[in-house]
């Protein structure tokens, strides 16, 4: 769990996302409150519930990007799901409890990675012994092993092929469903899970010494880990630090005066209620309480309104944050400021072909102008419009780049106007092309 202060979290998000200060503040405070709660005494800690967030804003302004960056920052079990993927219990499809099961799997992977680092030194030694066994045999003399060990550590044997016995992951195990078990995905039991612990199937693989190293180190590290303790730690991390980002929540709103296909939409909202309020979800690793999991919901609310959500669901998302539509100045900053801005990406991509791309300040202004003009005349899709415009402008350069090795190409305002200016002016054309 990260112990960044809200100010540090906001400045970290600023490196990748332009504007939207209110949304960044809200998620940074929510994330810091997770840490604050863990510093409290036992009885009070149970009483402090997370303040769930609803982010409202047009498409392409940074809602999903905030979630993605937050996931990397959080150092906590984090999952991003689209609300539209789920159906009401009883309908064919995934029920919302699957969110928590997936979150547990994410946490187990995180904890396993962390614990592998703790036993890495011992695992390296064990993996080295297995490679030596494959190279010179288990019964070889100490002198032979030592001479091969020196060569192995010096990297002289990296390209040599060896045969190693590895644990089969059970990926091909047949699955069968147990009727009546909660959640179809949970009910699908793999025979590999049942028989995996009884001897565990192994298979022989032929690999180079270099390729086998990581595989064997991970396998030896897993042997040194206590799987029951690992699962318990993961469940504890989910219950106390877990974060669920629910995207596209506006798509499961039931709009006034509409019926028909809306039944399962409202059903999904009803199923989300206990999950957000706090319930116990059964997973194959054990029961998980959702009382202290933080839920961040987001939606564009183009057609539906936040008030179209079930009143109970609105009450369980007490913090409302509105993200503003992007201005021309924002568009210009998006092209240049973030660490992996669009312009930096295109320059780096063309550099691989030996082409140096230079985009002038006037060209950046022109790109921002075109994106804003098309957004206002056709459909406002926010910053995503910049990708479309950039692709059109650099289409010719990208196509001919392999033949222009060593060239320096300058893109100015006139070049931008030549390639997309007419399209931007003609709303009918831009409707189909931009």
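Keep in mind that glycine also has a Cβ here, set from the backbone N, Cα and C atoms.
With 60, 61, 62, 63, 64, 65, 247, 312, 384 listed by Swiss-Prot as binding ATP, the candidate from 18, 104, 106, 209 annotated for that site turns out to be 18. Residues listed for ATP, 18, 60, 61, 62, 63, 64, 65, 247, 312, 384, cover a largest CA to CA span of 33 Å. Less than 8 angstroms from the CB of residue 312 (ATP binding site) sit 273, each of them six or more residues away in the same chain. Spatially close to residue 61 (ATP binding site) yet at least six residues away along the chain are 19, 20, 323, 324, 325, 326, 382, 383, judged by Cβ distances under 8 angstroms. The number of other Cβ atoms within 10 Å of the Cβ belonging to residue 63 (ATP binding site), over all protein chains shown, comes to 26.
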